[in-house]
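Each remark here refers to the structure printed beneath this line.
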Amino acid sequence: MGKAPVRVLITGAAGQIGYSLAIQVSRGTMLGPEQPIILHLLDIPPAAQSLDGVKMELIDAALPLVHGVLATTDVEEACKDVAIAVMVGGFPRKAGMERKDVMSKNVSIYKSQAAALEKHAAKGVKVLVVANPANTNALILRENAPSIPPENITALTRLDHNRALGQVAERLGVHVSGVRNVIIWGNHSSTQFPDVAHGTAGGRPIPDALRDEAWLRGDFVSTVQQRGAAIIKMRGMSSALSAASSACDHVRNWVLGTEPGTWVSMGVISDGSYGAPKDVIFSFPVKCEGGRWEIVQGLSIDEYAAGKIKVTGDELVEEKELALQCLAGE
Ligand code: NAD
Ligand code: LMR
């Protein structure tokens with residue numbers, strides 16, 4: 001007998017990431033080629049027609065893994081029995097805006113959707129927040145959904161992780177699959193710290209393979225930190241296919257596990273490891289097994305890295321305070 005379908009919620013499903021994500025999830029990129037799914041697509045009433053169009057296209061694609069598509073503008077209906085919730089809905093950053101500029105618009109959405117998830121989602125629901133400010137939206141969701149275990153609420157920094165892999169591969173002229181174990185520390189923002197000190201390329205430590213510390217501490221870091229803004233400048237819209245692809249990577253590794261000897265970056269609730277502030281959603285190196293993530297421990301952190309971790313941690317604490325102020329002023 002085949003596997004039972006898993007219900008996957010995509011919020012903001014009529015938007016540009018949603019459009020790319022829906023097809024990637026439907027073709028097994030997120031949960032594997034053997035896992036049937038029922039898609040729950042949520043958007044807001046002004047986008048209802050476009051959302052119905054996405055549903056029509058999914059029917060037209062005759063997708064073997066898809067056992068149903070619910071397209072709705074009712075958040076309670078959308079959250080019913082979902083085992084995976086990918087929270088993309090929100091207001092995207094436009095040219096010239098920092099991610100925290102979209103804060104007040106988005107944190108109130110995450111507060112109200114937390115309540116719907118808590119009430120209606122399947123027990124053990126795994127939540128990935130993509131919408132910016134992703135770490136802080138995830139934190140607000142967590143604070144307003146106390147019955148969902150904190151470890152089940154995560155934020156997307158896998159796109160930054162993949163960007164770091166891509167930059168190293170381009171610089172070395174090697175295939176990206178040979179580059180491993182980079183780390184994104186902290187916030188999905190321009191303060192994030194992309195760190196290659198423990199990474200390898202073709203089995204060699206990246207710093208030895210590159211022998212270019214000036215690049216690694218300079219352009220590499222700023223390119224990854226600013227890549228989202230660079231894509232917005234080029235496309236006039238924020239990244240979508242890479243964001244959707246990385247969201248699939250995040251959930252796939254979380255559910256199906258990471259490869260032995262390899263870690264990935266995920267925004268998870270901080271326990272204070274590596275000097276990060278506690279009780280914010282902080283990106284760490286994690287290994288996953290049996291549907292659970294665990295922060296990789298015991299990595300050496302030099303003074304340079306500790307300084308960078310402090311900067312991004314301070315920003316997350318500041319964002320948390322700002323988000324709570326926004327919600328208090330509602
Ligand atoms: P988009 O504007 O194309 O789509 C957003 C969709 O969300 C729209 O269809 C909108 O109607 C919908 N929406 C708004 N409020 C909603 C609500 N309350 N409930 C459900 N849906 C709602 O934007 P996009 O380009 O798809 O980006 C979506 C989000 O993802 C943005 O916040 C963007 O900044 C963020 N993003 C994050 C990453 C990351 O790596 N974490 C990468 C790229 C984009
Ligand atoms: C990205 O990193 O591409 C997104 O977070 C979009 C943005 O606002 O930068």
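Note that Cβ sites are derived from N, Cα and C of the backbone, with glycine treated the same way.
Heads up, TrEMBL stuff is auto-annotated, nobody curated it.
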Subject >> Same-site residue for NAD(+) (record: TrEMBL; known: GLY12, ALA13, ALA14, GLY15, GLN16, ILE17, GLY18, ASP43, VAL130, ALA131, ASN132; options: ASN106, ASN152, ASN162) >> reply: ASN106
**OP:** Sort out for me which one of ARG163, HIS188 has the most neighbouring CB atoms within 10 A, since those are the recorded positions we care about.
**Re:** HIS188
Original post:
Roughly how wide, in whole Å, is the group GLY12, ALA13, ALA14, GLY15, GLN16, ILE17, GLY18, ASP43, ASN106, VAL130, ALA131, ASN132 that binds NAD(+), by largest Cα to Cα distance?
Top reply: 17
Original post:
Do you know which of the binding-site residues GLY12, ARG93, ASN132 end up with C-beta under 6 Å from ligand 2?
Top reply: ARG93, ASN132
Original post:
Which recorded positions among ARG93, ARG163, HIS188 have CB under 6 Å of ligand 1?
Top reply: ARG93, HIS188
